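Here is the structure we will look at, set down as structure tokens.
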Amino acid sequence: MLSSSGHHDATRIGQENVAEKRRLTIISIVVVAILTIIVAGVTIWATYLIRGWDGVIEDDGVKTYPYRLPDTILPRHYDIEIEALLDGATTFNGVVSIRLEVTTETNVVELSAEEMQFVAIIKATEDQKKQHAKNGVLPAVDGKLAGISIKSEKTSSEVVLSGFSTAVLEKYRKIQVHTKNNLEKGAFYILRIEYQAPIRTDMRGFYSSKAADGSTVLSTQFESEDGRAAIPLFDEPKFKATYQMTITTKLKDEKTRVLFNTDEIERTNLPDGRVKVKFDKTPLMSTYLIAFIIGQYDYIEKTDGKIRHRIYTPVGKSEQGRAALEASIKVTKFFQDLYQVEYPINKMDHISIPSFASGAMENFGLITYRETYIIFDNATASQLDKENGIEVVSHEISHQFNGNIITCAFWTHLWLNEGFATFMETYALDKTYPDWKRGLKKLTNSVIYAADADSVPSADPIVRLYDKIQSKDEIDSLFNSITYDKGGAVLSMFFNYLGEDKFVQWIRSYFAKYKNQNAETKQLLELLPVQNVQETATNFGTWLHQPGMPIVQVNENADGTISLSQNRFFSYANATQVDQFKNSTWWIPLTYVTSADGDVKKVEMSSKVPSLKITDKVYKFNYHKTGFYRVNYSTKMWKNLIAKIEDFDTEDRFDLFNDIFSIATSTVENIDSSLMFEMLLALKNDDTSILWENMYQSILKLHQLLAAESVSNSFSRMVKDLVKNKYESIGWTNVPGADEDEENLDELRPFVLNLACRFGLTECVTEAFKRYQERNSTIIPPILRNAVYRAVVSNGGEREYYQILNQFKAEQDSVERTKLMYALAYTQQIPLLQTTLDLALSPHVKPQDSIFLIREVARNVPSGPNVAWNFVRTRYDAILSKCGQDQVSNRLVYGVGSLFTNIFERDELIQFFAPNIEKLSMKHYSNTLEAIEKNAKFLSKHLPAINTYLTEKYPPQTL
Ligand SMILES: [Zn+2]
């Protein structure tokens, strides 16, 4: 799954999903060693116990947590029949027959189900209903329950039932069918359940949403644990089975499509005008990958080898799916070659869903998306919009292999799905669309999100322990930047360390061994194609099993040599927390160059030896930022690096900029914060989009933090000074023939224009207004529209605001609508900002977008945080009812709260949420409080020095 559209939001600030506050219990080495031997049977994992971390192994050997389903019964095949109509019905009917294999004699079949009406309960006698209401158990009558049966496969006879329990339903979202006698070990049975379930509206399970033309689409979103809201299932990744689906519905016209993971094999017209569609049996797969959809669509298709690729679009838009169709074919071919595994379904469908909570979902053979990722109108979508969308397509196709063919054993190993997909989405595009240079872009967004999320004390390790993940809330919280971005970043570091050939060999052996199965992290590491597997696995494990990232401290010795030491890097932490992690160490595959164009040297820093001496005269560490660590040099070395910044390659300039900015804003590290301004100013003539993108992000972050301070004026002057030259040299359009790298300029320009207009460079604002007014005669290139719309709203009045608002309301194209919508968050007039917030709850904004719009308002400087917070407090119930508890818990609380900069605001937030605290995601809530403390600490530590530097260099002026 792609967890949110935030990944491709150019104004994203900070992380939504920083890790949760949880410290692993320190278990004594003896206990762990014994456990290790019991569980692994070998001692290789005992090497994890070496200093630096808690010595916890990933599989603790305990398989029966109350939250989990027991292993006594394994589902092997499901026959599912769904009856659902597009006529506005609020429920649907279902029958599921599951072929079960009994592995341990038992008289209880336990499976997952949520909010269902069981025929057994509907048809129960009054007495039975009373008993059920009392203790949640429905007793059988004469060994039978209406709508529930278990049949022995061998004898075809029905098993005598003793009861049906929904008592465990509420807490663990499970049900139990009890039998009078034990089910036999090794035997097969067919469990059949009839039920009715709601057609939901909160974008999970089986839900309805409205297309732009007003038609209804019924579709599914099952990951992580919402399949059980639509079908009673064994809803855990490890219970792989095959599925055969039949859907009965009524077609509205010839464009009504009825879709499932596999292709249709039989269609029957029923006498009452309905149609019954039967689908092919699926390959072995986990329940969260099931999908079925009913709705009106057009499509385009192309068959390549054994696979038919289709892009389903809203009616009339099929041609806009061309780019995605081409990518689907190219990328699928690439992954089949890479993994040396055949894709097991004869079709690869990609379909847009009107309302979709995450970015996209990798359902086997039927991938679902937000419209903006697969439908591109050339008139409104820029090249970058397309690349960002196609990267999502690549992510989901990579999942058809890692995720769908090999699936993580449990969500604690989710990075095997998502960290892989994050790495692979870019790796595949670098091979299939090399001109796009997506690898470079990955370095400048995904990798910094990972580092940000990993630099707070509450960060979790990539691989989690089973006993820490015992609720839906905890599972959902794993879809975070650590799992995705850090997972991808450390995999990229392993790739660079092993080299491409060995890396590919490693991945292929993993697929050869575990295809159609589940895997845990250690099973991947055991297959490392290196001399000393055990040692390398332990080294890699320092990145997977402990939280945080290291910072390498560089010290120059008097004799000209260099001494290195490492410790955990914190963007924020208090003294106790720093102390708590003082022994954390990593194995670091260090690289360095001895001159700007010198050879790359490699040296490994052990996790066991605290320091390392290098006799070379080092110019820069972490060549091309291929390692997931920060480097802090001496002030003298930093000054030298800043002076020579233009000599470095793009990746290294970016690395140095990102490191100094992070270190100088950290509340723990101690370097002179003026160095980050010196670095910024030294980069003012830089000619790459990725540096400008990151300067833009960093400047906005500081702008927000300093908004309420008197130094804000000097800061704005500095930004104007920084951006002026660049603005004048690149202007608004390329001069044909004069600019060497037009594509880079196209991507660089929006950041320069956004900065220039936002910080009030008059020429820029004037030109933005002119272009907006002339938009009907001279089309604004799609890539400049964000800059133009935002400048016009931000610097204009009511007239311009309502012009953009009306344009938004009339616009049909999703990509263009998104640009217009976010621009409305940029007004400087508080009543209009209020109008934007009201818009977020109006029918003009889809539930999937409302919270993103509120967050964008919160980022408005200076009034955004307060205006948005007042709105959240006064309209909380309305927000909840439109967006659902999950969206509010996972996105809104942090999105708005993390922008606060003082403790009073933090206390206000605590007070507001206190009555509803148990409904929130604890992880996101505590991360929000942590973020506020971090902001407040930043100001108390750094404001005086920033003030001195900026007011001296840029004395405040009346603007
Ligand atoms: Zn994914």
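Just so you know, glycine gets a Cβ as well, placed from its N, Cα and C.
Nobody curates TrEMBL annotations by hand; they come from automatic prediction.
The shown structure was predicted, so the numbers you read here are calculated from the model rather than taken from an experiment.
TrEMBL lists His395, His399 as binding Zn(2+), and of Glu387, Glu418 the one it places in that same site is Glu418. Cα-Cα distance from His399 (Zn(2+) binding site) to Tyr484 (site 'Transition state stabilizer'): 13 Å (rounded to the nearest whole number). Same-chain residues that are not part of His395, His399, Glu418 yet have a Cβ within 8 Å of the Cβ center of the Zn(2+) site turn out to be Met1, Leu2, Glu362, Glu396, Ser398, Asn402, Gly403, Asn417, Phe420, Ala421, Thr422, Met424, Glu425, Tyr484.
When the alpha carbons of His395 (Zn(2+) binding site) and Tyr484 (site 'Transition state stabilizer') are compared, the span between them is 11 angstrom. Every protein chain shown contributes to the tally, and the Cβ of His399 (Zn(2+) binding site) ends up with 28 other Cβ atoms within 10 Å. Note on the domain 'Aminopeptidase N-like N-terminal' (75-289): its mean pLDDT in the predicted model is 96.
Rounded to the nearest whole angstrom, the C-alpha distance between Glu418 (Zn(2+) binding site) and Tyr484 (site 'Transition state stabilizer') is 5. Following the DSSP three-state reduction, the secondary structure of Tyr484 (site 'Transition state stabilizer') is helix.
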